[in-house]
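S.K.: Take this structure, written in structure tokens, and hold onto it; I'll ask about it next.
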Amino acid sequence: MRWIWTQFLPWSTSCGISSNAVAEKTLNLEAVRERIDALDQQIQVLIAERAGLAQDVRRVKGDLAGPAAYYRPDREAQVLRRVIERNDGPLSDTVMLRLFREIMSACLAQQEPLRVAYLGPEGTFTQQAVYRQFGHSVNAIAQPSIEDVFLQVQAGEVDFGVVPVENSSQGIVSHTLDMFLHSEIKITAEVELRIHQHLLTRARRLGEIERVYAHSQSLSQCKHWLAAHLPEAELIALSSNAEAARRVRTQPDAAAIAGRHAAEVYGLPVLFGNIEDHVDNTTRFLVLGSELLPASGEDKTTLLVAGSDGPGALFRLLEPLARHGVNMKRIESRPSRQGRWDYVFFIDVEGHIEEAAVAEALAELQSEARMVKILGSYPRAVLGRMPEAEGASPSPGAAPAA
């Protein structure tokens with residue numbers, strides 16, 4: 001009878017846990033929840049207070065000033081760097097940066113959201129870079145070409161523009177550099193975006209896919225995966241991955257290569273994720289504005305330089321940088337379009353034009369070169385190389401998603 005009786009005892013008693021212990025745990029859980037609720041209320045009050053102070057900033061700077069007058073990439077870079085310095089966990093730097101990025105974006109957009117032109121259509125990696133830099137409270141306006149982004153900024157139709165400039169596996173975006181040859185637009189920030197390519201399709205298995213649409217660069221970035229998994233599929237290059245995703249919506253036997261953002265915009269499932277051949281595939285974007293910025297403390301300067309002809313010409317251009325200890329990060333040559341075999345150089349260096357070493361090197365460079373044009377002194381990417389905001393994707397070798 002004793003064994004039968006134990007079947008009717010409370011579960012906690014039969015497992016050696018007293019009802020008092022269960023009650024104590026319940027009380028402790030309720031206390032933790034009450035503490036969380038209290039903190040949520042405090043956080044909400046503090047966010048509202050911050051939003052009010054953002055409005056005060058606008059009033060101090062003048063109600064007639066446009067959003068670009070009180071949005072300062074240099075100031076935001078300083079704020080985000082302090083977020084990293086203060087962070088002791090348990091949330092990662094990446095998570096904390098995203099939280100503060102969206103809070104700052106919402107505060108700025110209370111009265112008039114920033115207007116940001118980008119290389120479209122909707123769903124491109126460039127649009128994703130816009131949200132990385134400005135948060136989701138901006139008015140992102142798609143443009144059909146890089147030239148149109150420059151023209152929109154130059155005409156004052158938008159506050160900023162975002163264009164791609166280089167990819168770690170495919171190299172420079174030459175059209176972006178060429179636009180600076182005859183434009184007074186300035187670089188006000190840079191964005192680094194880790195590029196993950198996904199196979200988007202309504203097909204449930206690889207054997208159903210007859211065509212793959214993508215931008216030519218994406219096809220190149222995934223060529224080994226495609227050769228191994230879709231060797232018979234027709235590969236069709238389009239103007240953008242977003243256009244590829246748009247087409248695939250109505251073609252059940254086709255797939256697109258694009259980012260997760262495009263999958264969300266066009267309502268397509270991800271059959272395989274992260275199919276790029278190089279895991280560190282990163283694209284750098286430039287934020288275009290109308291003026292040079294003050295120093296933020298961790299900056300980069302981009303120069304457009306034309307040298308004289310003859311032996312040692314390039315050496316004489318670079319020598320002042322080395323003499324003053326200015327680190328050169330990148331150099332690219334492009335045709336000047338002013339004469340046969342005449343080239344200009346795009347040079348990225350560490351530092352800001354207000355820093356003594358950079359200023360002195362530039363002074364010497366200007367005396368040596370035919371032309372020196374400062375395209376921008378701007379904060380180095382703070383949000384650079386963060387993983388995608390979305391959850392983890394299936395690995396290329398994993399079974400297809402259901």
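Using the three backbone atoms N, Cα and C, a Cβ is placed for every residue, glycine included.
Not my notes, these are from TrEMBL:
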- 22-56: coiled coil (COILED)
- 23-115: domain 'Chorismate mutase' (DOMAIN)
- 115-290: domain 'Prephenate dehydratase' (DOMAIN)
- 302-379: domain 'ACT' (DOMAIN)
- T283: site 'Essential for prephenate dehydratase activity' (SITE)
S.K.: With Cβ-Cβ distances below 8 Å as the criterion, list the same-chain residues six or more beyond the ends of the coiled coil (22-56) that contact it, or say none.
M.R.: 12, 103, 106-108, 110-111
S.K.: Do you know the mean pLDDT across the domain 'Prephenate dehydratase' (115-290)?
M.R.: 94
S.K.: Sorted by position, what residues of the same chain at least six away from T283 (site 'Essential for prephenate dehydratase activity') have a C-beta under 8 A from it?
M.R.: F125, A129, P164, E166, N167, S168, E192, L193, I195
